[in-house]
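Take a look at the structure below.
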Amino acid sequence: MIMKKETSSPIQHKKDAAPSIGWIGVGVGMSKMRLSRLRKVSRLDGQDFHRLKRECLKGQHLFVDPEFPPTNVSLFLDRNRSADIVWKRPSELCDNPRLFVEGASPNDVTQGILGNCWFVSACSALTHNEALLEKVIPDANGQEWGPNYSGIFLFQFWRFGEWIQVVIDDLLPTKDGKLLFARSKTPNEFWSALLEKAFAKLYGCYENLVGGQLADALQDVSGGVAETINVKKYFHEEQKSTPTDLFRLLRTAFDQQALIVAAIAAKSKEDIETSLHCGLVVGHAYAVTAVRYIQLDTASPSNSEEFDHSTASRIFSTPLRKMMIRLQNPWGEKEWNGPWSDDSPEWEQVSSAHKAELGITVDEDGEFWMPWDEFIRYFTDISVCQLFNTSAAKKSKAFQLRYHEFVAFDRWTTNNVKLGAPNDRAGGCANFPGTFCLNPQYCFDIKHAQELMLALTQKEVPPVTGKQREPFITIGMHVMRVECNRKYRIHQAIDPVGTSDYVGSRSVYLHLKGMIPGRYIVIPTTYAPREQTEFMLRIYSNENLRPRLLDDDFPIFEMFGIRACNQPKTVSRIKIYDLQIRLDSPKHVSIVITHEGQRHQSPLHFVDKETISIDESFILHSKFVCQKISAEVWTLSKKGILKCFARSSLQIKLDNDSSEEILDVKKVKGMGNDIIGRISLKISSFDDPYYL
């Protein structure tokens, strides 16, 4: 089927990877240092494309890459392995070779004998994003065959926050005069074969491309945030979600230029690349090339959520719609043969005009439509690479949302100290409570309820010897809502609001919905303590969270402007969990704790009844054993002014334990001295400032 190109609008468990000290920058208006790092372009092996091309033109010879020579060294991990392979330039394989013939489309990318469908499918998905394709293949017109052709080509891939330029020659592996690996269905088009060669050079050799991760390939060609959705797990964890919800999620992502690849996980190695009776292939990656509703004008389907049976549809006789997804098999064949496959009777329910709009013709080209219910029945994993719009510009058609982006480059390191020492920054996951909080910690504030997207990426470690890639460390993330006034590192974990899977992969992703106002800490970790490597943390949000790295364990007191050597002797946590108060009308209220001359204020809570549950806590450090605090209720006036309405006081008892108190709340002076409510709280106080 040939399609016309469309314009897109708690206990941590290790998980297998999906099939198959730096600086900090914040959002729009970020630091120059952060911008320079993310805009930086590095050169693989230090090769300067423009200088090398000038030298070739001057010497009137074709480029042969000394760093990735046309020999078995570039093909195999074992340099002594031999194969009957001949390296040829495109001009030796066809007349009039071109980089592109009539632009790029999914059909341009066909997998060869190499088991790298994960990469080939990502390339197919890439063809739907012209801006990204131009980033990966810069100045394509200037690189076309012509008077300045020198057998040298330039590609770019994203790695660990920067784009890496990869220079290659155009000598390609062939056998019997035909390309062995990726190729285009158009005989004289070579962008996909050359892109694959550049990718092989980035990974060390062609053999390293066998059996990679879908999310890695998507990230390599986009710099986006890759998430792998396990379909079964999605419906299990998102119990209120329906198949329609997942369809809309993917449709929105696709319309916002996300790259999407889907796969059917193999249960064993023997199952890989076996064909099912429906025509789909197990252990194989398919590029998603469309996610959309298809209008039906003659169907009378049964009551199924696959169709739009809205009241408006019935009243106004608007056409029924069916949820459909289009996929591309990188083999260029082996298509879906079930309902809505090529030339199936179901297409009779679609008007000729609509079929023409969809570009539907019968052809065995590897691209096919599937009904959504059949897709989620067979496909187990969906890798989605989001491209968040972090531009300060106005909304565009391609990107409907603008996000604030935070990026930090850091590392897990022991700092050459013993396990558990204060400077140890490689504490492992929450399964190791004694060291977990030693990991790097990032604090941020949420002012309005929203969702967050977090991505943690570890840096690839160069091979110790040879070209065999080093395995990734198992990594994950842990997010906690902490005391609203916390400025220092947390030393004892509290219940998380979200924890990612712990996976031995390059990146892990965490999507948190319904985040309420408050202060939070995210702790990126390895699974086990003492594992060391560099990482990059990215956070995307609708508001500027102003994340910051927490370095200090507690405040250092000053005397006459000089930092004193003595540290706090005590640490206390005041947790408010219930408020009963009589107000003359519904109001926004804030709990304020006054301690040793400092006020600590909670986020606002709307009170429209006498009793509300409040989950707010405060952390207090002190040099004194005996401490007195004031707990106050402040109200927000119609003019937006906060004013103290009622208060109570309490003496903190240092007992290295926790106790619960109920405080009577009285109106402040000038407003009477009546008891108008109660505050229920839990007090925990300890003589070790490292305890909380």
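Here the Cβ of each residue, glycine as well, is placed from N, Cα and C on the backbone.
Here TrEMBL flags Cys117 (among others) as active site. In this structure, Cys117 (active site) is part of a helix by DSSP.
What TrEMBL lists as active site is His284 (among others). Counted within 10 Å of its Cβ, the other Cβ atoms near His284 (active site) come to 25, all protein chains included. In the three-state DSSP assignment, the secondary structure recorded for His284 (active site) is coil.
Summarising the annotation, TrEMBL assigns active site to Asn329 (among others). Under 8 Å, Cβ to Cβ, and six or more positions away along its own chain, Asn329 (active site) finds Val281, His284, Tyr286, Glu335, Gly366, Glu367, Phe368. A coil conformation is recorded for Asn329 (active site) in the three-state DSSP classification, outside any helix or strand.
For 62-388, the entry in TrEMBL reads domain 'Calpain catalytic'.
Contacts of Cys117 (active site) defined by a Cβ separation under 8 A and a same-chain sequence distance of 6+ are given as Gln111, His284, Ala285, Pro330, Trp331, in order along the sequence. Mean model confidence of the domain 'Calpain catalytic' (62-388) amounts to 87 (pLDDT, 0 to 100 scale).
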